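One structure is given below, encoded as structure tokens.
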Amino acid sequence: MTTTLANRPDGEGSVQVKLDPKVNIEEGALVIAVYGKGGIGKSTTSSNLSAAFSKLGKKVLQIGCDPKHDSTFTLTHKMVPTVIDILEEVDFHSEELRPQDFMFEGFNGVQCVESGGPPAGTGCGGYVTGQTVKLLKEHHLLEDTDVVIFDVLGDVVCGGFAAPLQHANYCLIVTANDFDSIFAMNRIVAAINAKAKNYKVRLGGVIANRSAELDQIEKFNEKTGLKTMAHFRNVDAIRRSRLKKCTIFEMDPEEEGVLEVQNEYLSLAKKMIDNVEPLEAEPLKDREIFDLLGFD
């Protein structure tokens, strides 16, 4: 993969990794990229959303795009090896690999892949994501998949970790009702708008996480054209599900808040299946966010 300033393939001023057309995900699958500020709960959200899609009868694949490779452990109940680690073992001869070497079945049949990434300060995470999709295509593992969810590292929107946007139909942004999360969300909106000039990705909406109220999020939504698709309060059962290494759907529905959270994830999955209307949002300038958020 190469990129040049002259072509600007992904928006004005872009130096992002350009998508190899041979690694496109097949038409027909609903492809979602989940972004948000680091530590906001993207992996929890992605895994529970994958589980919700599976409960609705969909064949789901979740791809973790973080070198920490901790995206899917609540689905698989274990830490699974990464694609990059497995490829290194065979000197990057992907033809020597079997699907079971890098894809693992999790809760309710959800298929799980951890792309991994290069050591800190080296290589390109976007290249690893591209190689993961290429490997899945070589083994015909995307042909019968209904939903693909990319769980993406932090709020990094460089050419590398913006790579999942090149495959996605929709981007969902996870945020809390606070300044830092919304500030990061604004940067992600700008990155998605740049990608949308040349790729099919569109904004799907906002997922409010660990937030009792929505006042600051709704202020931002009103100004930019975003919409809140789901709201998850700070329910302790979600925290405990991570410690139990399981999804919220494996928790006792009699426990406080569990059934409400399960229903909210199922509702979000249904909205996405029903062809959610893509949003036309415009990011704010940094000073505008600073002046917008907070209390009078």
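Yeah, the Cβs are placed from backbone N, Cα and C, and that goes for glycine too.
These come from Swiss-Prot:
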- Gly39, Ile40, Gly41, Lys42, Ser43, Thr44, Lys68, Asn209, Arg210: ATP binding site (BINDING)
- Ser43: Mg(2+) binding site (BINDING)
- Cys124, Cys158: [4Fe-4S] cluster binding site (BINDING)
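Swiss-Prot feature annotations superimposed on the structure.
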residue	record	Cβ within 10 Å
Gly39	ATP binding site	11
Gly41	ATP binding site	21
Ser43	ATP binding site	23
Lys68	ATP binding site	13
Arg210	ATP binding site	19
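Among the residues the record lists as binding ATP, namely Gly39, Ile40, Gly41, Lys42, Ser43, Thr44, Lys68, Asn209, Arg210, the two farthest apart have Cα atoms separated by 22 Å.
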